[in-house]
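This report refers to the structure that appears directly beneath it.
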Amino acid sequence: MKKEDIHFGDWQRMFIGDVPGGFYWEVVLRIAVIYLVLMVSMRLMGKRMASQLSRNEMLAMVSLAAAIGVPLQAPDRGILAAVMIGVVVVAVQQTLAYFASRNQRFESVTQGDMSILVSDGTLDLQKMKVSGITREKAYSQLRNHGIRHLGEVKRLYFEADGSFTLIRHAEIRSGLSIIPGIDAEFVKQVCRPTEVIVCNRCGRELAEGVTPCDNCGGDEQVNAFM
């Protein structure tokens, strides 16, 4: 379309476009077919496509979304191309899932690895840096599970699909508080300070006066909470 053909107030062009009105009846049929293709594709790719997506599953969804957009809007483009793309995407996804279920190394390469972010109440800041997870992000996930301090945490895993898995300590011990500093009154209500000294950066238990922390190099110490 040339710029001289564009005029403000050309309501037919704005709402209907340059296609005949009959094309919109065709759009209804196209949407029905595309919806059926998507529904079958999602069914074939498994239940996980309805939950949290892995990297490969996200790529499959983006590919399907890109494929269906054109035939819905362009009257000169047929539906068959979108159907063929859907078949290829499903086939590739199924093939990757097949080999990933039989080869751990292949699964690691295609799906990604899990990381241990917290081990026995101590943050692994190096793993968090590699995974792109900040301390506040980890603390937020722990607070969502009702955790008040790191002493309650046995393990916090960052799964390959981007989700978090928490394993609590069987016996709670003291640890670094993860309640925001702006809520000091709440800290007093749900936690009590102990004589144990921990690193304020990673939560590692330290001997009093010993700096820097042998785990993260932090030089600030605080009392742990129970």
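Residue 1 is the first one shown; counting continues down the chain.
Positions of Cβ are set from backbone N, Cα and C atoms, glycine also.
Here's what TrEMBL has on this protein:
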type	residues	note
TRANSMEM	23-46	transmembrane segment
TRANSMEM	58-74	transmembrane segment
TRANSMEM	80-100	transmembrane segment
DOMAIN	102-172	domain 'YetF C-terminal'
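Outside the transmembrane segment (58-74), and at least 6 residues removed from its termini, the chain residues within Cβ reach (under 8 Å) are 27, 30-31, 34, 37-38, 41, 45, 49, 81-82, 85-86, 89-90, 92-93.
For the domain 'YetF C-terminal' (102-172), the DSSP-based tally of helix, strand and coil residues reads 28 helix, 19 strand, 24 coil.
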